[in-house]
Every structure is written in structure tokens, then in C-alpha cells.
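I'd like to ask you about the structure that follows.
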Amino acid sequence: MDEPRPESLTPDFSNAIRPHPVAFSSPIQPSILHKEIFKSFKLHTHCQKIGKDSADLGFESCYKVLLLNNPLFFFKMKLSWINIVSNLRRSRHVLSLNTKKRLPESYLCRIAAFSDRSLVREYCSGRNGREDSNVWTEEIDYLDESGSVIYSGKGIRSVEPRIDDHVMAGGVRKPIMNVAAVAKIVEVVKRWRWGPEMEAQLDKLPFLPNMTHITQTLKIIEDSDAVLSLFRWGKRQPWYSPSDECYVMLLDKLNLSRDFEGIQSVFEEMVSNLGANEVSSFGAYNRVLQYLAKSEKLEITFCCFKKVQELDCKLDTQTYNALITLFLTKGLPFKAFEIYANMEKDGCLLDASTYELMIPSLAKSGRLDAAFKLFQEMKAKNYRPTSGIFVCLIDTMGKAGRLDTAMQVYMELQGFGLRPSGAMFVSLIESFVKAGKLETALKLWDEMKRSGLRPNYGLYTVIVEAHAKSGKLDIAMSIFSDMEKAGFLPTPSTYSSLLEMHAASGQVDAAMKLYNSMANAGLRPGLSTYTGLLTLLAKKKLVDVAAKVLLEMKAMGYSVEVNASDVLLVYIKDGSVDLSLRWLRFMGSSGIRTNNFIIRQLFESCMKNGLYESAKPLLETYVNAAAKVDLILYTSILAHLVRCQEEHNERHLMSILSATDHKAHAFLCGLFTGTEQRKQPVLSFVREFFQGIDYELEEGAARYFVNVLLNYLVLMGQINRARCVWKVGYEKKLFPKAIVFDQHIAWSLDVRNLSVGAALIAVVHTLHRFRKRMLYYGVVPRRIKLVTGPTMRIVIAQMLCSLESPFEVSKVVLRAPGDSILEWFKKPIVQQFLLNEIPSRSDILMHKLNTIFPSSAPEIRSLSPPKPLVAGRGLGMNT
């Protein structure tokens, strides 16, 4: 490359240390010199002027041209002047295109004089073996293109590689300029880039480098491999000293090249080379963490962070921000909060970017108090919160139910001159709606529309559904109309909420209008919509409309069995047996099945209303569906038979009992047969039946069955069989606290929880036991009492009064002294009654019983029971 010519008389020696492509200490071969001259100084310009090719110029002609065009050539090349001068003296050519220009004779003389010197390189260090190495005895003339002398003076000596750090300009010692040194290093690094060749060339540098040269070179070089190779070469040099600036520059270059593995290796070298000569690497450690964090290398970054903490290196705010951003990006907010805690612990000041990162993250993770505290600190430090911070705080505070704080942040947003966004309004309104504060939500709704913001689809839906579910149907329908005018198509859930609330309020017309509007809009009603509408129609007893809607529901692909059964259950609970049977027939004709529970409910409803003819097919359907008729259901049918007053209904009830196919019915039929047919006594037959009952599961059902069965047996006049049933029931501990023997003090019988028939049988059977104890065993208590309660008191008192009993009747108890009872037991009529000798119908006792409990005889059934008995009876255990 051509060097600029000196503009002043003082030559520029700054480039004198540049490497010489050819350094000669012996006579030069013409062919080699000719080639180098042509390459380095571009003789083609001159050749074009004289009309010759450069290859045709001879060795001598090249010298002549160069002497006129670049007089400093020979000084820079440091050629052997002997050959040059001898060739010039023998030449008959002119040294210029201008024939009038010739080299001065003095110039040739000076060259000739200079050629007499020994061809030994003079170094600045003086290592050339000459005693006068530091003194110049000859002067050098510098000529311009015309051959005029522009400067005469002593020359500059060369530097010795890796030894000299200055240049000798004559006798003056001048330091090597950093710019020139850096330029030379840059040139070598750019040419060789990396490897042993580059290091070999760096070892041959004609000056002694230092860390300033390396640092400045790192700023210029862009290639990461070259930068890393130069740095590692410098670390091996004796003049190397650790520099934070150098590390920072190296890391910056590696980051620009995305060489994160190189950054990691440099960090490891920094940590491993810590020693006595350690310098502060504050900037380098921070750069490592920043660049690794921005590269999203989570594990490596965290390991480096922990290592830096162990080294007690202080991190700056930018580094903490990068670490926090990394952990938040990777979905690890709590780890980011740990970094933030370290940041506070180190006393590192927070900047605006840190606040913008932490406040939304803390809020979204549920740490609202910490987020709001940072928000207050941010304002106290005069940082202006961004719109994103306001939106996040308002959204999270609202969703957490902290509506006062959300409104406070909303007012502060306006105080900062920021305009609320649509998302912010949506979040606030939804929060107030979910909290049930619809008035505040409507105010925000109006404010949003005044601000020129258009409510979105979801917000319309939330407002409409909230007002609909709160019963404010007028406002809900008004906003619903605005929603349709705004071009939004209401969702099925919006229709459902409106329809369900109209249905709940009993507005059939409005509900059907919404249903038809929904169908016309092409929307598919949801299951809840159909359920609410069908329930409304069922309650309004609109069977035909409900059937139409149910068929449409079935056509939409829904399973309608549950909904149809629910409608049927509504009719049953409402007591509309006719509508229930009508709806059941519709279900059967449409191929819709119901469950056994509904069938049983309808059967019991028919039984309750005396529709025995309709009840029997239901029971048969129930049994044919593999449903089990339990003891409670059978007992309830038997209870209807006990209360039956008409003979044709009695036949229906007997057929219904037979249709149950329950084992209790076989027991009841066997109980009324003779001993020859049963082939066993009554007591054994009863014990066998009760032994097959699972009392862990059916103890309550067995107790209910005994009460109803005893009622039936008493009415049928089967006192002996009734006493057997009571005895077995007592043995099975179905009535464990009925009879109490308190030694010689008091014996008692409690019949308050028994039916009327069971109470009468219990009194007769228990008094027989008391008589046997007193007469046969001689045990006489002080008193005997019968705890009857207010209902049973009249019935039992009437029965014992006919036998002239000594019992005194009080409100709830019949009591008598033991001695009086003993004398009463000795009467023949009492003995006959208690020994279960059934008297004739003409007997007073039997007449009283038949009056209280009509038997199955037609002539007796017409007698009405006394009013006190009827008033207190129910369908429970005392039926």
C-alpha cells in the first residue's frame, strides 16, 4: 500500500516500524526486486504513459522511475545501496520522462558515500555490535519528485521484536505511538485470525506490546475466535496484567457474536485465576451474568450467579434486572422473588425497569401486599408507573376481591393523566359484578361508554347474566337489547340465564319468547336451558307445551330420559296424579323410559289418592323391571288395607299385595291357614319368618311391619296370632325398652311408640307376664305403670275399664299399687282374658274391641271409631 508523502520538511517516522516485505542484507536478485517493485509501487501507471508493458522494463529502469516518483523507497526497503549506485552510474537512461530532469551529482555522491557503510542493521536497543550504535555519523537527504532536497537529517533505526518499546530518531528517543502499535496488532490478527501462525506473528512484533494495546485491539476486532485467541495469547505474556476493562471488552465482543460458550469459558478462567494479583472484576462478572441471562441459559446463569455470590462480588441493578427477567420468562416467579430479596439485601437501588418487572409479577403470583408496597415506593421515588402496572394491579386486586384498592389505583391512574383502556374497564366491571356490586359496575359501564370505548362481547355477556341472575330482569333485558343492536350475537349461556330467571319468576311468555328467539338465531339451547324451561312448563301444568319442547330437545340429540323423569316428578310432588299418569303415557308412546324410583313414587302417589286400579300396573312395571319390593313398600300397602273401608278396594289391595311377590305376603297368607296346612304351630311359623330378616339392614322396616301387622290381626280378631307376633318381635329386640322390671319397686310397660293394635296386644301379653310372676313366683312390686302417652291412654283405659282394673288414669300414665293388681289378677274374668281364651262376640270385652277396631265382618265395618282415636293417627309407625 502506498504511503502518503511528507508534507513538511520533517519526515514522518511513525510508519518506520512497519514490517518490510523484503529485507536485504546482500546483493538483490534483479528478478525478485523487479517483481516486488511492481507489486508494491504500481509501475503500471508509468508504463501506460511511456506505452510499454511493465514486464519490458528492465531492472535499471525500475530504479530510475522509483527514484523520481518515490525517493523514500530505498530508505523504507533498506536495500543494498552498493548495487543501486553501481547500476545507476552505468545507466545511460534518464531518470524521468522529462529529459531535462536528471539526478544531481551530489545526490549520487551521497548515495555512493552511504554505500561504503557496513550492511549491518542498527537497532534502537543497541544490540548491533557497534560501539557507536546510538550515534549517526551520516545524514540522509530526502528528495521530492523533482529531485530537490526537502530534508536532510539523521535517519530512524529499526526496533528489535519484543525488546524495544521506542524508536531512535537520530539521537532522540521517541516512544512508539499506541495508534501504530494497535494498528499493527490489528493487522496481524485480521490476517491470521487464530492458531499457532497468528501467535508466531504476534511474537515477532517489532515492539513490546502492553495491556493498553490488547484492550484497544479488542475494541476493533469483531471476530469472536480472533478476539479470544488474542486474549489468551496476551495472558501468556510476561507483561500481562488482569484488567477489568479488558475482560469487559472481551465479553462484549463474545456477546455480539453470540458466543455464549466462550463467555462461560472466560468466566471459568476468571474464577480459576483468582489470586494475590487479583483485580476488581465488578464489570466483568456483571457482564457475564447479563449476557448469559439474556441468552436464557437458566441453569448456567444460576450457577454463575451463585458463584459470584460466593466471591462477594457486588452486582448492579442491570444485572439483577436481567436475572429477574430470566426467571420470570421461564415461569419461575418465586425464584425471581429470591433474586429480588438478594437485591434488597445487597442494598442495590431499584430502577424503573425493576419496578416494572416486579410489580406485575408479584401481583400475578398473589403477593398483592408486596406488589402494592413496591407501587407506593415507585411513586415515592418519582418514577412514573406505566399503564401496564396500573392494568395489572387493577386486574389482580379486583379478582382478589379488594375492590377498594382497585378503585384507588384506578383513580391514581387518572391522576397521572393516563387514559383507562378497554381491558382495564372490563377487569373492573367484571370484578364488581362478581362481587355483586352491580350499581358500581353499571356506573363504570356508563363511564366506559362515555369514554368512547365499546364494550366487548364478553363484557356484555357478564353484565346481562349478572343482572339476570340477580333478578333484575328489566335492566338485563335492556342491556340484552343493546347487545343485539351492537351486532353481538348472544351466547347460549346468556339466553339460558335470561330464560332461567324468567322461568324462575314464572314468566312463561317471556321465557318461551326467548326460547323461540334462540331457536330462530340458530343457536343450540343448552341442557340447563331445556331443564329450566321444562321445569317451568311442568309447574304451570302445560303438559302439551312441555311435550313439544321435550321432543325438540330429543331432536337436538340430547338424552331426554332424565328431563322427562324430572317433569314427571314435579307432577308427582305437586299431587297431580292425573297429569303424572298422562305424562307417563306420553313418555311410553315416545319411547322414553323412566327409572324405578319415579315409578315407585308414582305408585305411592296413586295408593295415597286411592287410585288402586292405576297403581297395580305401575307395581307390575316396577317388579318386571327387576326392581325389588322391600319390606317397607309391602308394609305400606298392608297399611292401606288396614285403613280400607270399601270391599271392592279391599280386593284391589289384596291383588296388589299379591303382585309384590314379597315373602312377607306368603307369611301373611300362611299365618291365616290352619296348623295342618302350615305343618307347624303359629309361634314356630312366626319365629321362622322373623329369623330370615336381616336386622342390621331392615330393623326399622321389621318394626314398622310388626306394628302394621298387629293392627291388621287385631282388626281381624286374631288375638292369639297377634300375641305370637308380639312375643317374637320382643324376642328379636324390636322393642327393647318397652318392658322394664325394676326389681320390687316398679314394673312398667311403655307403648308410646307402638300402633294401636300393637299397644293393645302388648298390654294384654305383658299383664299376663306380670300375673305369672306375681302368682307363681310370689314377686309383688310396689306399683305397676303403663306409659301410654296422651293418644293411647283412652284406648287402653277403655279396654281395662271393662275388666274393672284398679289402674288410675292420668294424662300419660296408668298406674296402680302392686297389691291391688295382685288381687285383680285373681279374678276369673281377668284370668280368662289374659290366658288368651277368645270370648264370644256377645261378650262385653269383644264388643268393646270391635267398636274400637272394626273387624272384616261387613256388619261391623260400618261402625265408626271413636273421635279421640281418629284425631291422633297417622301413616307412621302408629298406623
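Heads up, the Cβ atoms here are built off N, Cα and C, so glycines get one too.
Sharing the feature lines straight out of TrEMBL:
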- 316-350: repeat 'PPR' (REPEAT)
- 351-385: repeat 'PPR' (REPEAT)
- 386-420: repeat 'PPR' (REPEAT)
- 421-455: repeat 'PPR' (REPEAT)
- 456-490: repeat 'PPR' (REPEAT)
- 491-525: repeat 'PPR' (REPEAT)
- 749-825: domain 'Smr' (DOMAIN)
Under the DSSP assignment, what numbers of helix, strand and coil residues are found in the repeat 'PPR' (386-420)?
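Per-class counts: 26 helix, 0 strand, 9 coil.
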When you scan the chain for residues with a C-beta under 8 Å from the repeat 'PPR' (316-350), skipping those not six or more beyond its ends, what do you find?
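282, 286, 289-290, 293-294, 296, 298, 301, 305, 309, 357-358, 361-362, 364-365, 367, 377, 381.
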Using DSSP, how many residues of the repeat 'PPR' (351-385) fall into helix, strand and coil, respectively?
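Breakdown, helix to coil: 26 helix, 0 strand, 9 coil.
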Do you know the DSSP helix, strand and coil residue counts for the repeat 'PPR' (421-455)?
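Taking the repeat 'PPR' (421-455) as a whole: 26 helix, 0 strand, 9 coil.
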List the helix, strand and coil residue totals of the repeat 'PPR' (491-525) as derived from DSSP.
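Helix (H, G, I), strand (E, B), coil: 26 helix, 0 strand, 9 coil.
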Using DSSP, what is the helix/strand/coil residue split across the domain 'Smr' (749-825)?
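Helix, strand, coil within the domain 'Smr' (749-825): 42 helix, 14 strand, 21 coil.
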Taking the repeat 'PPR' (456-490) alone, what is its mean pLDDT?
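A mean pLDDT of 78 is what the predicted model shows over the repeat 'PPR' (456-490).
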